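Chemist: Annotation comment: TrEMBL describes 50-75, 87-110, 131-157, 169-187, 199-219, 242-264, 276-298, 318-342, 371-393, 399-418, 430-451, 457-475 as transmembrane segment.
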């Protein structure tokens, strides 16, 4: 046997390897026996940062947007009298509340980011989910951001430019700045975003409260009594006009689907979402009807019909400073509506990326902020293109039509799931009569819109069908492969 000094280098290496192996085995055994040592990996996912008050802030800001300060004239011009206009506002809010709770039943079954896209994908399959997302990006998300930023810019510049209109280039430049600022904020801390949103929603509520209080104070005056005595004069009995005004009131309470998109980030969603939805609709129906009533105690029907910005005219009749105050509050309200869209809609792109319907890059979240930067920035780029080219207004009628189709599809999801998965747990289950009536009414309104705007229907059908070959080439066949590898 050779002595230690006579060992070859190879023998010494083998012995050293065995010693190291034994040492590693001893350490591994020690780790297994030591229960205090754990190995964990952080999972990057959307944080549940939206509270009950956050839900109310989001819904109050987004339902109707800033339409209450502009939209009343459109309904009044159709129904012919302030009294009938108030009735249409009331019914429009009740109908949308019924539709909202019907869709929330489906949302709470899954509680996933993506809202309408995820429900349609899960219920009707890959092709239906992709085609819906394709149309949503083109008709809803990008135009809404561009139009919201442009409208906000107009309100903001109306405070600065008195007596003249700013150039279109200036309006677009300010709109781009507003959009980029909100995108940057939404890519950082969601808690900060929801806090900002609470303030912006408060501005909308404050504007409504000011109008309501001043309007009701005006009731005992001679003008107020005169206007109230003629509240129902000129009411139209034409069924077509009544249906059209109901559609306008119905549209005025749109915007609630945003909470289905954000459902995955809501704390205790099965409790907070239904309660938040109920509180928001009650507040908004009461506030919007009361605001309309206040308008018509100060303004005659003829005065209201001559103004596209009825809130500004209302303020001018009360005090010369009030229009400036209302303009600032309406501007902040418009910023709040845009902020909610930027907060929620990228989550649909994020959800589509999870299912392979968008590039995998869209599923990325920032490790620190847990926000979908790629999805948010991508939608922002598309919105910037629409803002710069001025193609938003040409898509608005088609966008309204697509939104109607979206609601019908979501209600069909509810019926399909009730039939195919009757035993699946449902935190909320609405009476079937509500979605049935909602489907019939929405389908009727969509048909009436198609009769009036058949060209827009053709545009919607063409662009949606264009999504079918895109799905088979880019998603099903993964062509061109080099592009996907590059992304």
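The backbone N, Cα and C atoms fix where each Cβ goes, and this holds for glycine too.
A quick note: this is a predicted structure, and the numbers were derived from the prediction, not measured.
What's the neighbourhood like for these features in this structure?
Modeler: Away from its own ends, the transmembrane segment (169-187) comes close to residues 145-146, 149-150, 152-154, 156-157, 193, 196, 335, 338-339, 342-343, 346, 366, 369, 371, 373, 376-377, 380, 383-384, 387-388 of its chain (Cβ-Cβ under 8 Å, at least six residues beyond either end).
A Cβ distance under 8 Å defines the sequence-distant neighbours of the transmembrane segment (318-342), meaning residues of its chain 6+ beyond its ends; these are 58, 61-62, 65-66, 69, 141, 144-145, 148-149, 151-152, 155-156, 158-159, 178-179, 182-183, 185-186, 193, 196-197, 200-201, 203-204, 206-207, 210-211, 214, 218, 255, 258, 298, 311-312, 376, 379-380.
Only residues 6 or more beyond the boundaries of the transmembrane segment (371-393), in the same chain, are considered here, and those with a CB under 8 A from a CB of the stretch are 46, 137, 141-143, 145-147, 149-150, 168, 172, 175-176, 179-180, 183, 186-188, 190, 342, 345-347, 349-350, 353, 358, 361-365.
The list of residues near the transmembrane segment (430-451) in space but at least 6 beyond its ends in sequence, with Cβ under 8 angstroms from a Cβ of it, reads 95, 98-99, 101-102, 105, 240, 243-244, 246-247, 250, 400-401, 404-405, 407-408, 411-412, 414-415, 418, 457.
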Chemist: For the transmembrane segment (199-219) and the transmembrane segment (276-298), does the number of C-beta pairs under 8 Å, pairs 6 or more apart in sequence, reach 3 or more?
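Modeler: Answer yes: the transmembrane segment (199-219) meets the transmembrane segment (276-298) with 3 or more Cβ pairs below 8 Å.
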Chemist: Hey, which of 50-75, 242-264, 399-418 has the most Cβ-Cβ pairs under 8 Å against the transmembrane segment (276-298)?
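Modeler: Between the stretches 50-75, 242-264, 399-418, 50-75 has the largest tally.
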Chemist: Counting a contact as 3 or more Cβ pairs under 8 Å, with residues at least 6 apart in sequence, do the transmembrane segment (50-75) and the transmembrane segment (399-418) touch?
Modeler: no
Chemist: Taking the transmembrane segment (457-475) as the first stretch and the transmembrane segment (87-110) as the second, find out whether 3 or more Cβ pairs fall under 8 Å, excluding pairs closer than 6 in sequence.
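Modeler: Between the transmembrane segment (457-475) and the transmembrane segment (87-110), contact is absent.
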Chemist: Within the same chain, where does the transmembrane segment (131-157) have neighbours whose Cβ lies under 8 angstroms from its own Cβ atoms, ignoring anything closer than 6 residues to its ends? I mean 6 or more beyond.
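Modeler: For the transmembrane segment (131-157), the list is 65-66, 116-117, 120-121, 166, 170-172, 174-176, 178-179, 327, 330-331, 334-335, 337-338, 341-342, 345, 348-349, 352, 357-358, 379-380, 382-387, 392-393, 395-396, 398-399, 402-403, 406, 409, 460, 463-464, 466-468, 470-471.
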